[in-house]
Amino acid sequence: MTLIVQKFGGTSVGTLERIEAIADKLVAFQRRGDSLVAVVSAMSGETNRLLALAHEIHSQPNPRELDVLLSTGEQVTIALLSIAIEKRGIPARSYTGSQVYIRTDSAHNKARIQEIDAKRIHDDLRQGRIVVVAGFQGADEKGNITTLGRGGSDTTAVALTAALEAGECQIYTDVDGVYTTDPRVVPEARRLARLTYEEMLELASLGAKVLQIRAVEFASKHHVPLRVLSSFEKGEGTLITSEVEGMEEPLISGIAFNIDEAKLTILGVPDKPGVAYHILGPVADANIGVDMIIQNVGRDGTTDFTFTVHRNDYLKALEILRESASTLGAREVRGDDKIAKISVVGVGMRSHAGIASTMFHTLAQEGINIQTISTSEIKISVVIEEKYLELGVRALHSAFELEKAPSRISSSL
Ligand code: ASP
Ligand code: MG
């Protein structure tokens, strides 16, 4: 008997027909002999609808009360799904987060799970029930209802998998896995059979919005194997696990991109200690996150400094930078919010040189100018002009032959 935790997102439970289809699926697994815990989201659009209601009354609703409100979306789905399962002759039990003791901290609207008491669920499973748990919610030590942040049902599912010591956490969604890049941009994009947590984190934070980032972090920390699957089509999906020593790895796993950033440059600042702090300190004080930072080599006692921020923060950052420029006696401030960032990601990069040069050569052949570059151990990112985004992603996808099933090379070579 295997114990599986399956999570169904908002679109998967978006209508009664879909809820009934999920009940069919769960019942079929149960009849095959598996033990099942289903974690569900609110029906699609429901969380947004509830949020809008609160905001019609108050522009900044009390976070505690917002959690009481938002958690009801999932409560509707667990009951409907349990009713649908019982209609098929299999006993089911639905539970809200607090009823199965999902204990969180008290950070309303973005709470973190601290502890889960799996006993109640184990008791139900022993009695042959399918257990249906509301995602996205828990309660703090005083019993206040909390929610885990948008997309938080993924985290509930991962945390339950860890607490129940279940074999795998299966995330059913409206796509059939994680792709080499966005298929809307590159039709040849391919579903990845497997991926490491690290790669998924890089791809997720860069725009492949398949899983809540926190859920992947949690899975990585607790070594929970995660599988992304389609609710609507059959298939193996994408399995996300730790990197295994000597595991066969493709060089590059995927290409992520976004147009969420803007670039700011300050020219002709004095090249002396404390300047970076003078420029970036006020930006951080304004709660503006900075992504890439580049400082030029100094010449004649001055240097140039470039950094990127989220596009929403662009005008604010520009204003701050203009102020710093006048105190520092800088020559000029420039800004550009028509930029795009493309990143190639792969753990295979660790053991193989030449990825960067392939990337730069490919972009050069397309006549695409690279404005800034940044790298990590498993990622190379470039900023280019926004209008070349799709061309760049397509060219790189084909240069790294991502449309082909990986000719796997051993990273232990
Ligand atoms: N219903 C919540 C949301 O829409 C949580 C989730 O679906 O994971 O963000
Ligand atoms: Mg989701």
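Our numbering is plain: 1 for the first residue shown, then up by one each step along the chain.
Cβ atoms are placed via backbone N, Cα and C, with glycine included.
If you look up TrEMBL, you'll see Lys7, Phe8, Gly9, Gly10, Thr173, Asp174, Tyr179, Arg184, Lys209, Val210 marked as ATP binding site.
Per TrEMBL, substrate binding site is recorded for Thr47, Glu74. In the three-state DSSP classification, Glu74 (substrate binding site) falls within a helix. Here the Cβ of Glu74 (substrate binding site) has 30 other Cβ atoms within 10 Å, regardless of which shown protein chain they belong to.
What TrEMBL lists as domain 'ACT' is 264-338 (among others).
What TrEMBL lists as domain 'ACT' is 344-413 (among others).
Counting every protein chain shown, the Cβ of Thr173 (ATP binding site) has 22 other Cβ atoms within 10 Å. Helix first, then strand, then coil: DSSP counts for the domain 'ACT' (344-413) stand at 30 helix, 16 strand, 24 coil.
Cβ-based crowding with a 10 Å cutoff singles out Lys7 as the top-ranked of the binding-site residues Lys7, Lys209. Looking at the domain 'ACT' (344-413) alone, the prediction's average pLDDT is 88. For ligand 2, the neighbouring binding-site residues among Lys7, Gly9, Thr47, Glu74, Tyr179 are Gly9, by Cβ distance under 6 Å. Across the domain 'ACT' (264-338), DSSP assigns 29 helix, 28 strand, 18 coil. In this structure, the binding-site residues that sit close to ligand 1, with a C-beta under 6 angstroms from any of its atoms, are Thr47, chosen from Lys7, Thr47, Thr173, Tyr179, Lys209.
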